[in-house]
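Annotation source Swiss-Prot lists domain 'SIS' at 34-189, citing sequence analysis. As annotated by Swiss-Prot, substrate binding site applies to N49, G50, G51, E62, N91, D92, S117, T118, S119, S122, Q169, with the evidence given as sequence analysis. Here Swiss-Prot flags H58, E62, Q169, H177 as Zn(2+) binding site, drawing on sequence analysis.
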Amino acid sequence: MIDDITAQLRAGRQVLEALERELAGRIASFAELLADSLAGGRKLLVMGNGGSAADAQHFAAEIVGRFKLERRGLPAVALTTDTSILTAIGNDYGFDAIFRRQVEALADEGDVVVGISTSGNSRNVQEALLLARERGCRTIGLLGRDGGSIRDIVDLDLTVPSADTPRIQEGHITIIHIVCDLVEKRLFP
């Protein structure tokens, strides 16, 4: 059991080291893009399925509430939280439309729309990101594995270099925390 724990912790460290080596510049670009958008009166929309839905909610909570600094709330919406909206859209239009329909209703030009997908192939996330781009939003993918089909349709992809879902999710939440920290420091010096 201890060997398994040690192996998992080692694998987690390797992913974090890869983020530093391979994605630091992209993380900085993501933070700058989001800070500029929020400073300009725009909002963050974020989505994902399963564990990525939880990460979307976590991200929105840090932006609306606070991360580390006492500050005013900033506009962010997790498109994963309203069961009535999700089930109505899913029932009437299908599961692939649950995020796209919300982007249609809520996204404005200049907003930042983030799709989180460990595979990079979540169809409902992909469809929403495509519509967001059509509407003039900036699109970001927090992805895993090889980035999947989403990698090619977003303005900026942050693909965690791992094929192991738990390690990808750990990479995503680390990126989210770093971005929240950088956004707060930039907007509330």
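For all residues, glycine too, the Cβ spot is worked out from N, Cα and C.
The predicted model assigns the domain 'SIS' (34-189) a mean pLDDT of 99.
Summary for the binding-site residues N91, S119, Q169: the Cβ-based neighbour count within 10 Å is maximal at Q169. Rounded to a whole number, the C-alpha distance linking E62 (Zn(2+) binding site) with Q169 (substrate binding site) is 17 angstrom.
H58 (Zn(2+) binding site) counts 17 other C-beta atoms within 10 Å of its own C-beta, drawing on all protein chains shown.
The secondary structure of S117 (substrate binding site), as reduced to three states from DSSP, is extended strand. Within the same chain, the residues at least 6 positions away from S117 (substrate binding site) whose Cβ sits under 8 Å from its Cβ are G48, N49, S52, V125, G141, L142, L143, G144, G148, I150, listed in sequence order. Close to H177 (Zn(2+) binding site) in the fold, though at least 6 residues off in sequence, lie E62, F67, each with a CB less than 8 Å from its CB. Note: the CA-CA distance between N91 (substrate binding site) and H58 (Zn(2+) binding site) rounds to 26 Å. Across the structure, Q169 (substrate binding site) and H58 (Zn(2+) binding site) are spaced 12 Å apart at their Cα atoms. The secondary structure of N49 (substrate binding site), as reduced to three states from DSSP, is coil rather than helix or strand.
Residues N49, G50, G51, E62, N91, D92, S117, T118, S119, S122, Q169 are recorded as binding substrate; their most distant pair of Cα atoms lies 32 Å apart. A gap of 11 Å separates the Cα atoms of H58 (Zn(2+) binding site) and G51 (substrate binding site). With a 10 A radius on its CB, G51 (substrate binding site) counts 16 other CB atoms from all the protein chains.
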